[in-house]
Amino acid sequence: MKKTGILNSDISRVVADMGHMDWLGIGDAGTPVPKTTEKIDLAVSAGMPSFISVLKEVLKELQVQKIYVADEIKDSNPKQLENIKRILPDVEIKFIPHTQLKKNLSEAKAFIRTGEETPFSNVILESGVIF
């Protein structure tokens with residue numbers, strides 16, 4: 001049995017397979033996931049697990065150089081945006097329309113669905129390199 005880090009075998013596999021500039025999505029329970037993108041469904045109930053708790057765990061194992069966030073989060077969920085900025089202080093944030101973010105998920109290796117039920121709690125992580 002794995003002792004530390006991400007215990008979910010699907011997330012662990014996807015993170016280990018990420019190359020430079022690959023994309024991984026994490027988001028709320030209502031995010032539509034393209035049929036071409038692997039969906040890793042962690043949602044248990046409303047709010048469980050939270051978007052931020054899953055994001056924090058993934059960031060312990062994945063080097064990220066840029067994130068894509070829906071522009072609408074600025075007005076509709078500024079608290080969540082502040083949470084994202086706080087845990088990714090040195091990572092470039094690119095704001096794009098929510099419709100574009102949803103389309104871009106078709107290019108992601110996978111999407112992790114959380115139990116989050118707050119608007120625009122979605123992010124696409126672009127992997128970096130550790131050297």
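The backbone N, Cα and C atoms fix where each Cβ goes, and this holds for glycine too.
Per Swiss-Prot, active site, proton donor is recorded for His20. The Cβ of His20 (active site, proton donor) has Ser127, Gly128, Val129 as same-chain neighbours under 8 Å, each 6 or more residues away in sequence.
Proximity of Ser121 (substrate binding site) to non-local residues of its own chain (separation of 6 or more, Cβ distance below 8 Å) is seen for Gly27, Asp28, Phe51, Ile73, Asn77, Gln80, Thr114, given in sequence order. Feature annotation from Swiss-Prot assigns substrate binding site to Asp28, His98, Phe120, Ser121, Asn122; the stated evidence is sequence analysis.
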Additional residues around substrate, ordered along the sequence, whose Cβ is within 8 Å of the centroid of Asp28, His98, Phe120, Ser121, Asn122: Gly27, Thr31, Ala70, Glu72, Ile73, Asn77, Gln80, Leu101, Glu116, Thr118, Pro119, Val123
Largest CA-to-CA spread of substrate binders Asp28, His98, Phe120, Ser121, Asn122, angstrom: 13
